[in-house]
2 protein chains.
Amino acid sequence: MSKIKVIVHGFGNIGKNALLCIKNAPDMECLGIIRRKESIKNNPVETLGFKEFPDFESLKAEKGMPDVAILAAPSRSVPELVTEYLALGVNTVDSFDIHDEIPNLITTVTPLAKRYNKVAICAAGWDPGTDSVLRALFEAMTPAGTTFTNFGRGRSMGHSVAARAIEGVKDATSITIPLGGGRHARLVYVVLEKGVKLEDVEKRIKADAYFSKDPLEVKAVADSFALSQVADNSHGVVLERIGASGAASNQRLSFDMRIDNPALTAQVLVSCVRATTRLKADAYTLIDIPPVAYLLGDRMEHIHRLV
Amino acid sequence: MSKIKVIVHGFGNIGKNALLCIKNAPDMECLGIIRRKESIKNNPVETLGFKEFPDFESLKAEKGMPDVAILAAPSRSVPELVTEYLALGVNTVDSFDIHDEIPNLITTVTPLAKRYNKVAICAAGWDPGTDSVLRALFEAMTPAGTTFTNFGRGRSMGHSVAARAIEGVKDATSITIPLGGGRHARLVYVVLEKGVKLEDVEKRIKADAYFSKDPLEVKAVADSFALSQVADNSHGVVLERIGASGAASNQRLSFDMRIDNPALTAQVLVSCVRATTRLKADAYTLIDIPPVAYLLGDRMEHIHRLV
């Protein structure tokens, strides 16, 4: 059986973890990594034996045509990359995580996927991603009710990036603390620029749209090393729903997950790589995908084992 | 918008709850209930205002052609009923729950569904059913690892039926108690036939294949009313998985559900009714179905709300 040929575009935390997941998938092989020329030159990284290429053409010339590209690049660059890869005849899997813009992404990508006869899985990961599947399933089980998504405790990438952009902040890490009922507090550790007062930075963070609605605590640490010691990749979520099935109230559903964040995100992306080879040409989020499509091996085996 | 026309075949606990769920679904209407002639005559039940028919033809003559039949009949009768309804041009949803025979059911039903250009969703409910979806999703998230399914505490239908069939037992209810690690104890309440000793019945139950592998306790109660007081419809499950995503071990996933059992089963069946109208002709288990297909309303709305 020929293996699924995968490339990894972008090589941060997610890209690196995706490679480790591909290595554990007996039905896949990685043809290589695509990173910007300047990154390859100026920011050498351990690539686990896989070759880096500055662009698709050079990868294709040496390694041949891939089946699927994992887009492990920042969300902002995802729409352009999806368009580009679909036009090249490559399925895509991305972890686009700007929730409000996901419907637009799907609307844009759908006609492209159909035109190029390829599959694009968008907004994969755990939230958006597997949490989305659980929220849908919970509603199918109890149509009347409310679901709360309680994130954390763990480092929020989005909030950390927002805090780093605040004037007077040299470096920052934002930790999400669940308060219950889908509400969260933010604990932000900052490395201050020279001569900047903590109270001024705290005011600016508090004024930022990312932080203005939640209880906030800001603490200063000496440097980026100290910052790296206040949070690792641990994260988690509790999804809770209390609702009714027909006339029966008090149906209680709860999902609790404690994980290495980039590892789980990358694993979901890699399971989606497999799904792209089993779906017809279209754009998908995870609520659009039959769960069996993610799994290695034969459908009937899975029905026997899991159903 | 025309409503999905549903009929309910069989009218036990599941059938009754299915009606209540259909009543709450604004996109569905129930055309009627099908029960055996003798049941209609000898065992009158509250049908919530819906009319009973002794067979499909009489229902169709009066109410017109339905789109979907919910097969709320015992599992043993499901294969024949699915075949019958598909040939009549009606989609089917069943809660066939003999786990080992589900692959055979799918193998049998697949060519029929295709021949008659209809959709059959098999083994719907919560286990098999939504638990199956979670087990598949958990494996997509952490391919290496072990999932435990811990049922209970709650009444097991299958074990209660098995206990009732034991010599010397007039009536019985079997309660499943989770012991952790996917193991269970059985607490069986029995109403003894006159002159029968509890210890003899206990030995026979212990020898039955349904009970031989698990810790067992058997208690006698006076009559069926007393039996009806030891267990209601409460049930639950904890699905636990500890596994690895790529190189990251210690990924911890847990799903905990506390529910009215027939109400949840019926609600899943009714959500599957909707799914049958959105899938192409084929036989499906729940791991074969995109989760969005269960939900009332527009896919893009759900992507916006849930993803």
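The backbone N, Cα and C atoms fix where each Cβ goes, glycine too.
Because TrEMBL annotations are produced automatically, they should be read as predictions rather than curated entries.
Per TrEMBL, these features apply:
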type	residues	note
BINDING	B:Arg35, B:Arg36, B:Lys37, B:Ser95, B:Phe96, B:Asp97, B:Ala124, B:Gly125, B:Trp126, B:Asp127, B:Pro128	NADP(+) binding site
BINDING	B:Thr176, B:Arg186, B:His235, B:Asn261	substrate binding site
DOMAIN	B:4-91	domain 'Gfo/Idh/MocA-like oxidoreductase N-terminal'
DOMAIN	B:125-179	domain 'Meso-diaminopimelate D-dehydrogenase C-terminal'
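Features recorded in TrEMBL, as mapped to the structure shown.
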residue: B:Arg35; record: NADP(+) binding site; Cβ contacts under 8 Å, 6 or more apart: B:Gly10, B:Phe11, B:Glu52, B:Phe53, B:Pro54
residue: B:Lys37; record: NADP(+) binding site; Cβ contacts under 8 Å, 6 or more apart: B:Pro54
residue: B:Phe96; record: NADP(+) binding site; Cβ contacts under 8 Å, 6 or more apart: B:Ser75, B:Val78, B:Pro79, B:Ile102, B:Leu105, B:Cys122, B:Ala123, B:Pro128
residue: B:Ala124; record: NADP(+) binding site; Cβ contacts under 8 Å, 6 or more apart: B:Val93, B:Asp94, B:Ser95, B:Val268, B:Leu269, B:Cys272, B:Leu286
residue: B:Trp126; record: NADP(+) binding site; Cβ contacts under 8 Å, 6 or more apart: B:Val237, B:Met257, B:Ile259, B:Asn261, B:Leu264, B:Thr265, B:Val268
residue: B:Thr176; record: substrate binding site; Cβ contacts under 8 Å, 6 or more apart: B:Phe151, B:Gly152, B:Arg153, B:Gly154, B:Arg155, B:Ser156, B:His159, B:His184, B:Ala185, B:Arg186
residue: B:His235; record: substrate binding site; Cβ contacts under 8 Å, 6 or more apart: B:Phe151, B:Gly152, B:Arg153, B:Gly154, B:Arg155, B:Ile259, B:Asp260, B:Asn261
Subset of binding-site residues B:Lys37, B:Phe96, B:Ala124, B:Pro128, B:Asn261 within reach of chain A (CB-CB under 8 A): B:Pro128
Secondary-structure category, per DSSP, in which B:Asn261 (substrate binding site) falls: helix
Counts of helix, strand and coil residues, the domain 'Gfo/Idh/MocA-like oxidoreductase N-terminal' (B:4-91), according to DSSP: 39 helix, 20 strand, 29 coil
For B:Asn261 (substrate binding site), the number of other Cβ atoms found within 10 Å of its own Cβ: 23
Tally of residues which DSSP labels helix, strand or coil - the domain 'Meso-diaminopimelate D-dehydrogenase C-terminal' (B:125-179): 20 helix, 23 strand, 12 coil
DSSP-derived class (H/G/I helix, E/B strand, else coil) of B:His235 (substrate binding site): strand
Local confidence of the prediction over the domain 'Meso-diaminopimelate D-dehydrogenase C-terminal' (B:125-179), expressed as mean pLDDT: 97
